[in-house]
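J.: Sharing a structure below in structure tokens format, with a few things to ask.
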Amino acid sequence: MKGDHFLISTLAFLAFATFLASAYDPSPLQDFCVALKDIKDGVFVNGKFCKDPKLANANDFFFSGLQNPRNTQNPVGSNVTAVNVDNLAGLNTLGISLARIDFAPNGLNPPHTHPRATEILVVLEGTLYVGFVTSNGDGNRLFTKVLNKGDVFVFPIGLIHFQLNVGHVNAVAFAGLSSQNPGVITIANAVFGSKPPINPDVLTKAFQVDNKVVDYLQKQFWYDNN
């Protein structure tokens with residue numbers, strides 16, 4: 001019961017914090033715009049077709065299941081469950097989304113960026129080492145913090161960031177994001193696992209390593225934990 005109360009309080013905090021922040025997505029010009037897969041009789045707004053508001057119902061604004069732990073038995077030891085416009089249609093045009101992140105001991109949410117959103121993270125269970133790196137113009141400074149249950153950290157929009165479970169037990173965090181569709185670019189996956197591969201000469205020069213190192217990295221399987 002105590003854990004459920006903390007979860008409810010956490011979700012309320014995330015919703016309030018995101019409400020106070022200026023959403024990056026354009027502000028809606030109507031009460032809501034439920035995303036519609038069938039474009040017949042739809043209206044195109046903010047990247048998704050809208051359902052006729054008169055046909056909207058409560059299920060368009062409902063998602064269930066975030067109370068359930070996710071499987072973290074994978075190469076990075078983490079699992080991200082996103083709640084965005086792709087699986088909660090009522091988020092369309094509202095400039096907000098949510099994610100649950102599960103970590104095994106020593107599990108990592110690898111360095112990544114959200115091109116369209118600022119992220120605010122709160123730890124529900126465990127201990128996380130988190131951080132982000134500033135842009136080139138700021139000297140690529142690293143900001144890090146060790147977070148415990150109830151702690152909050154913000155990752156500014158577009159900056160590379162990460163979370164690592166430094167505890168000996170599983171960890172859980174929830175993240176609020178200032179976009180209905182924040183996007184994710186996992187750095188290693190994008191650079192070494194792109195399709196088709198980036199020319200090795202580009203990566204050899206960029207990382208100043210031997211071409212054998214680049215060849216090895218491009219042959220690896222880069223796991224996507226999202």
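Quick reminder: no glycine exception, Cβ is built from N, Cα and C everywhere.
Remember, it's a predicted structure, so these values are computed and weren't measured experimentally.
TrEMBL lists 1-23 with the feature signal peptide. Look at TrEMBL and you will find C33-C50 tagged as disulfide bond. Residues or ranges marked as oxalate binding site in TrEMBL: N109, H114, E119. Annotation source TrEMBL lists Mn(2+) binding site at H112, H114, E119, H161.
Looking at the shown structure, what environment does each listed feature sit in?
T.: Cβ neighbours within 10 Å of C33 (disulfide bond), excluding its own Cβ and spanning all shown chains: 27.
All protein chains considered, the CB of H114 (oxalate binding site) has 25 other CB atoms within 10 Å.
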J.: As a test of the contact definition, list every same-chain residue at least 6 positions from H161 (Mn(2+) binding site) whose Cβ is closer than 8 Å to its Cβ.
T.: P111, H112, T113, E119, V130, G131, F132, V133, F155
J.: Compute the C-alpha separation of H114 (oxalate binding site) from C33 (disulfide bond), stating it in Å without decimals.
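T.: Each residue's Cα considered, H114 (oxalate binding site) and C33 (disulfide bond) end up 23 Å apart.
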J.: When a 10 Å sphere is centred on the Cβ of E119 (oxalate binding site), how many other Cβ atoms does it contain?
T.: 23
J.: Calculate the distance in Å between the alpha carbons (Cα) of C33 (disulfide bond) and N109 (oxalate binding site), and round it to a whole number.
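T.: Each residue's Cα considered, C33 (disulfide bond) and N109 (oxalate binding site) end up 32 Å apart.
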J.: Can you check which residues sit near N109 (oxalate binding site), meaning Cβ under 8 Å from its Cβ, same chain, 6 or more apart in sequence, and list them in order?
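T.: Set apart from N109 (oxalate binding site) by at least 6 residues yet with Cβ under 8 Å, we have V76, S78, V80, I101, F103, F162, Q163, L164, N225.
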J.: So around the Mn(2+) site, H112, H114, E119, H161 aside, which residues have their CB within 8 A of the centroid of those CB atoms?
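T.: Everything else in range on the chain: T113, A117, F132, F155, L159, I160, P182, V184.
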